[in-house]
Amino acid sequence: MSPTPASAPALGQSLTPGQLVMMGLGSAIGAGLFLGSGVGIAAAGPAVLVSYLIAGAMVIIVMHAIGEMAAAKPASGAFSVYATDALGPTAGATIGWLWWLQLVIVIAAEAVGAAGLLATVWPQLSVPLTALGFMVVFTVINLLGVKNFGAFEFWFSLLKILAILAFIAIGIALLAGALPAVQSPGWSNFTAHGGFAPNGLAGIGAALLVVVFAFGGTEIVAVAAAETADPGPSLARAVRTVAWRIAVFYLGSISVIVAVVPWNSPALKSPFAAVLDVANIPGAATAITLIAVIALLSALNANLYGASRMVYSLARRQEAPALLARTNASAVPVAAVLASVAFGFAATVMELLYPDQVLPVLLNIVGCTCLLVWTLALLSQWVLRRRADKAGTALPFRMAGFPWLTGLGLVILGMIFVLLLAGQATRIQFLSMATLAAVIAAGSALARRRRG
């Protein structure tokens with residue numbers, strides 16, 4: 001895991017340790033938690049907590065593996081660089097380009113989604129203009145330097161964290177009967193309406209496929225570590241927060257929802273708002289909508305940053321046009337930012353012109369990318385850790401439980417891939433991603449052969 005020229009710091013290092021840690025705390029709190037968790041609850045009932053435990057355990061393992069590699073070798077290409085070191089340049093280029101494509105497509109979905117949510121609160125807003133406005137604002141933020149990106153992510157993450165903690169506090173007060181003029185629903189919803197697992201193991205498996213994607217985005221911390229002045233200790237702190245943030249933010253909030261609202265209630269279309277309605281909190285739906293908008297904009301900001309740094313890293317390794325590796329006087333990869341946002345702008349315009357026609361197809365192709373990223377990250381860590389141990393290399397941050405936890409993570413991911421192949425819609429999604437990955441791998445290998 002020794003440094004190489006491809007990972008040498010040509011970018012700025014203006015992110016503070018506090019910003020990196022806060023990014024680690026907030027990176028997994030997306031709009032999917034606020035708006036989409038009801039889908040998992042409907043699939044598994046209260047046993048959705050088992051699905052979150054399995055997915056959470058896997059993400060904890062993955063983040064510790066990525067953290068070990070990133071602390072030893074901070075690189076803007078992160079897991080793409082580590083896959084290159086461990087598995088070869090084709091693997092590194094393939095996962096790098098796949099991740100970049102996923103991010104630039106998701107950027108469009110987030111801009112349109114945030115604009116659409118705001119329009120439900122203020123109907124006079126123009127969704128197309130608002131979506132494009134969001135794209136412009138966050139493009140400017142990213143062009144002004146990593147310090148601005150870090151500041152926005154810090155405050156976005158703080159707002160999301162405070163919202164989750166406030167929600168859990170309200171839920172506990174509601175269940176304890178401490179809210180005035182509101183009767184506690186008690187704890188019967190955990191076992192009523194068909195029991196704890198009304199849909200059995202099949203329901204838990206179906207929910208697992210839903211909830212695992214809620215954790216997508218946690219890997220952005222490894223990318224950002226390359227632009228932190230003292231990445232080793234900061235990254236270690238960020239990674240160590242993963243376990244308790246999953247326990248508090250996900251298991252805590254989902255436990256409150258399951259306890260307060262019956263798992264088969266139609267109100268779970270907006271689960272957080274449903275709990276606040278039971279607690280008789282005025283303006284609950286509006287509050288959750290605005291929090292979801294913040295989560296989407298936070299993800300848009302982070303994904304634009306991550307996409308630009310990944311394609312910059314690919315260019316540094318001659319896996320993308322050399323122009324994308326250039327930086328300005330402020331150490332910002334301007335061409336990489338503009339190239340990333342150009343694709344995002346195009347996808348946004350296509351979604352606005354042809355709603356629900358173009359973007360769903362694109363998202364379906366790259367939807368499983370995070371699972372492939374996590375799989376290659378664990379395989380890379382397995383190879384690089386054994387290599388480091390054999391050479392007696394001291395690592396600044398060591399993943400505990402190696403190799404058993406790495407193996408467990410791969411087993412869980414293998415189980416998720418089996419579940420993906422079992423369903424028709426998810427099988428198409430998986431095979432689409434696999435086909436795209438094969439095309440990218442072949443193109444990368446051919447380009448490298450031509451370069452000699």
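Just so you know, glycine gets a Cβ as well, placed from its N, Cα and C.
Caution: TrEMBL annotation is automatic and unverified by curators.
Straight from TrEMBL, the features:
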- 20-427: domain 'Amino acid permease/ SLC12A' (DOMAIN)
- 20-43: transmembrane segment (TRANSMEM)
- 49-66: transmembrane segment (TRANSMEM)
- 97-119: transmembrane segment (TRANSMEM)
- 125-146: transmembrane segment (TRANSMEM)
- 158-181: transmembrane segment (TRANSMEM)
- 201-222: transmembrane segment (TRANSMEM)
- 242-261: transmembrane segment (TRANSMEM)
- 281-302: transmembrane segment (TRANSMEM)
- 323-346: transmembrane segment (TRANSMEM)
- 358-379: transmembrane segment (TRANSMEM)
- 400-422: transmembrane segment (TRANSMEM)
- 428-447: transmembrane segment (TRANSMEM)
- [ ] Could you tell me whether the transmembrane segment (125-146) and the transmembrane segment (97-119) are in contact, taking contact to mean 3+ Cβ pairs under 8 Å with a sequence separation of 6 or more?
- [x] yes
Task: Surrounding residues of the transmembrane segment (281-302) on its own chain - C-beta under 8 Å, 6+ positions past either end - done: 23, 26-27, 29-31, 33-35, 106-107, 110-111, 113-114, 117-118, 120-121, 134-135, 138, 141-142, 149, 152-153, 156-157, 159-160, 163, 170, 217, 220, 270, 272-273
Task: Leading contact stretch, 201-222, 323-346, 400-422, 428-447 vs the transmembrane segment (125-146) - CB distance under 8 Å - done: 323-346
- [ ] Considering only the recorded stretches 20-43, 201-222, 358-379, 400-422, 428-447, state which has the highest number of Cβ pairs under 8 Å to the transmembrane segment (49-66).
- [x] 201-222
TODO: May I ask for the residues of the chain that lie six or more residues beyond the transmembrane segment (201-222) and have a Cβ under 8 Å from a Cβ within it?
DONE: 20, 23-24, 27-28, 30, 32-33, 36-37, 39-41, 43-45, 47-48, 50-52, 54-56, 58-59, 62-63, 66-67, 69-70, 78-79, 235, 238-239, 242, 250, 299, 302-303, 305-306, 367, 370-371, 373-374, 377, 416, 419-420, 423, 426
Open item on the list: Under 8 angstroms, Cβ to Cβ: which one of 323-346, 358-379, 428-447 has the largest number of such pairs with the transmembrane segment (400-422)?
Closed with: 358-379
Open item on the list: Can you work out the mean pLDDT of the predicted model over the domain 'Amino acid permease/ SLC12A' (20-427)?
Closed with: 90
